[in-house]
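Participant: Encoded as structure tokens, here's the structure I'll be asking about.
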Amino acid sequence: MSSVKLTEYSHGAGCGCKISPMLLDEILESTQKTSVYPQLLVGNANKDDAAAYDLGNGTSVLSTTDFFMPIVDDAFTFGQIAATNALSDIYAMGGKPLMAISIFGWPIDKLSADVAREVIDGGRSICEDAGIPLAGGHSIDSPEPIFGLAATGLVDNANLMQNDSAKKGCYIFLTKPLGIGILSTAQKQKKIEEGHIDPAIQAMTTLNKVGADLAPLESVVAMTDVTGFGLLGHLSEICEASDISAQVWFEKVPLLPNVEKYRQLGCIPGGARKNFASYGDKISEMTQQQREILCDAQTSGGLLVIVKKDGLEAFKKVTEAAGLTLEPIGETTVKSQHLVEVL
């Protein structure tokens, strides 16, 4: 393990580096005429996790990319987290990854090739866990360390998960606890106690493979992963695309250990503030605690799954087989004044 602390070389951390939802909408808004591609089943219209291109044989190719600056100090672990996060988009669409190529930026005048190799090795280890090759990539000399993947996957068209397919009257489940942004900020501010970051690292390096097993279930109607826009941001995207609203039961939302402790110490990532500024007007009134946790920018977060209430038995059979014990954190409702109501 290298003694280099990678977070000292980056201004942001993980998915907290994301451009705010509000500014991203402004950037992507274009008056340029675009062509229509009938085979493109999923593009950028509803802010889905990956693009889907119909092969004409009942399956689609999934394509996605994700990269960011270090969220942890250890190079190998950074590579693992970045790769896990990138592959999550494939699983969130109901697919399975086929291969990946790396996206790599490195400050060659500040950090050695040995440390860079550890990052790549970490990413490769996760690809091995997913059963796919890290088949190549592209690298540049950059002011800050950057790593991620461009991933390709396959999905049966019948199992393709999209943001616009949620229905009212369903339960909402989350497969990983929240608080990654708060704990990683505590680490960056050197306030974290020994061992307290470990549960976050465990969560961030756990692949969301269960998504591919959940997608074929008739009771699972929509799915996305919770990353840089926080739980409320990604749930809002589903509600907006599906023309519904949702309730979140705050006391039922799972949290990583010690999140509240570091929240009270002021370890709030800038991404949480950017998130609330972007979509806070679409959410019901919240306490400061609710706002700082539910808008917390996650890196390699869990899957947000919308499940019909009459299909819970099949859903729980799959999740329990994956080692998950889940309870609903809310439900979808008919469209109302707010996209999401926090109770």
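The backbone N, Cα and C atoms fix where each Cβ goes, glycine too.
Below are the features I grabbed from Swiss-Prot:
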| type | residues | note |
| --- | --- | --- |
| ACT_SITE | C15 | active site |
| BINDING | K18, N46, K47, D48, D66, D89, G137, H138, S139 | ATP binding site |
| SITE | K18 | site 'Important for catalytic activity' |
| BINDING | D49, D89, D225 | Mg(2+) binding site |
Participant: List the residues in the vicinity of the Mg(2+) site, defined as same-chain residues other than D49, D89, D225 with C-beta within 8 angstroms of the site's C-beta centre.
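Facilitator: Sorted by sequence, the hits are D48, A50, T64, S88, I90, Y91, A92, M93, T224, T227.
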Participant: Output, ordered by sequence, the same-chain residues six or more apart from D225 (Mg(2+) binding site) with a CB under 8 Å from its CB, or 'none'.
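Facilitator: Result: D49, S88, D89, Y91, A92, N208, G211, H234, G301, G302, L303, L304.
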